[in-house]
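Working notes, structure below.
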Amino acid sequence: MEGVFAKLRNLDAYPKINEDFYSRTLSGGIITIVSSIVMFLLFVSELRLYLHAVTETKLVVDTSRGESLRINFDVTFPALSCSMLSLDAMDISGEEHLDVRHDIIKKRLDSHGNVIETRQDGIGSPKIEKPLQRHGGRLEHNETYCGSCYGAEASDDDCCNSCEEVREAYRKKGWGLSNPDLVDQCKREGFLEKIKNEEGEGCNVYGFLEVKKVGGNFHFAPGKSFQQSNMHVHDLLPFQKDSFNISHKINKLTFGEYFPGVVNPLDGVQWVQHSPNGMYQYFIKVVPTVYTDINGRTIQSNQFSVTEHFKSDDTGRLQSVPGVFFFYDLSPIKVTFMEGHVSFLHFLTNVCAIVGGIFTVSGILDSFIYHGQRAIKKKMEIGKFS
């Protein structure tokens with residue numbers, strides 16, 4: 001048994017030196033203190049990395065199909081009233097959403113940006129005070145109201161009981177409503193009066209759009225839109241104005257849900273118009289993004305980059321639709337973020353590397369200083385005797 005222990009002692013890679021042979025120096029003490037502090041700081045740093053989640057990023061080809069894209073927006077127009085402003089969306093597949101009203105809230109703002117009124121829809125409800133019937137007479141007792149669409153009826157049974165319905169019927173026909181005062185419904189509702197009353201007001205519009213996940217655009221512009229000779233046109237005649245100020249501030253614009261670390265480059269962006277008319281364009285590249293947190297919860301969202309361009313009508317004539325246009329296209333590459341913890345073995349390996357590495361480097365440095373001092377001492381002693 002004693003022989004076995006003797007063989008094990010021969011395998012000792014750490015032979016011990018008697019304490020009587022130790023020589024402690026000032027430089028060795030300083031190096032020990034400094035190396036201990038560095039070792040402690042690196043250990044704390046490694047421990048923080050181990051306790052906190054780390055995010056792994058990957059790029060993959062986006063193979064998803066048939067999904068929808070949610071666009072959240074909050075835009076303020078300080079010089080464009082809510083009665084003028086409309087929102088349209090269209091995509092490259094040919095789908096159109098004209099004068100979108102659902103899931104959208106409009107706030108009337110005064111010249112100082114204070115909220116006057118919040119509403120979800122149109123300009124108001126009609127006043128039914130003996131309105132004009134489709135057949136030409138006035139509404140009598142015990143008679144059902146059916147207003148004229150002024151030639152824009154799709155069928156003989158169609159009725160337009162409000163100014164908004166007349167404008168919508170004209171829009172579907174691709175016609176412009178040149179003088180709303182000639183329309184009984186608009187005259188009763190005071191359409192032009194309300195536009196004049198809102199002169200100098202601003203509008204804050206916020207909400208969301210649900211569109212197909214293909215390239216397209218959405219835009220804020222004055223007037224109702226319609227198709228005329230395969231062109232997208234806005235009816236600006238009822239407003240009786242030559243210029244429209246489309247200065248705006250984008251309070252928020254996101255494509256999908258929020259996830260940790262996302263940066264939306266258009267949040268807080270403001271632009272002021274100096275020419276009479278123009279079209280402001282944002283060209284957006286949307287990057288599909290999947291974020292998986294430490295608990296395994298997955299968020300399907302998007303990031304985006306953007307460039308801007310202003311198309312000015314310096315002549316003062318409306319040669320293009322005045323408005324703010326957002327053209328978006330989707331990237332074929334998807335970014336995935338995955339949160340996770342560093343494994344304990346990885347943490348242990350790094351700690352051992354820190355301790356061993358600093359211990360070795362400080363030992364080499366101490367040895368270099370110690371032997372250097374001895375060599376200098378010897379030379380000085382030799383110089384004295386010679």
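Placed from the backbone N, Cα and C atoms, the Cβ positions cover glycine too.
TrEMBL annotations:
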type	residues	note
DOMAIN	8-97	domain 'Endoplasmic reticulum vesicle transporter N-terminal'
DOMAIN	149-366	domain 'Endoplasmic reticulum vesicle transporter C-terminal'
TRANSMEM	21-44	transmembrane segment
TRANSMEM	344-370	transmembrane segment
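When Cβ-Cβ distances below 8 Å are used as the criterion, the transmembrane segment (344-370) is approached by residues 25, 27-28, 31-32, 34-35, 38-39, 42-43, 46-47, 49-50 of the same chain, each at least six residues removed from its ends. On the 0 to 100 pLDDT scale, the domain 'Endoplasmic reticulum vesicle transporter N-terminal' (8-97) averages 84 in this prediction.
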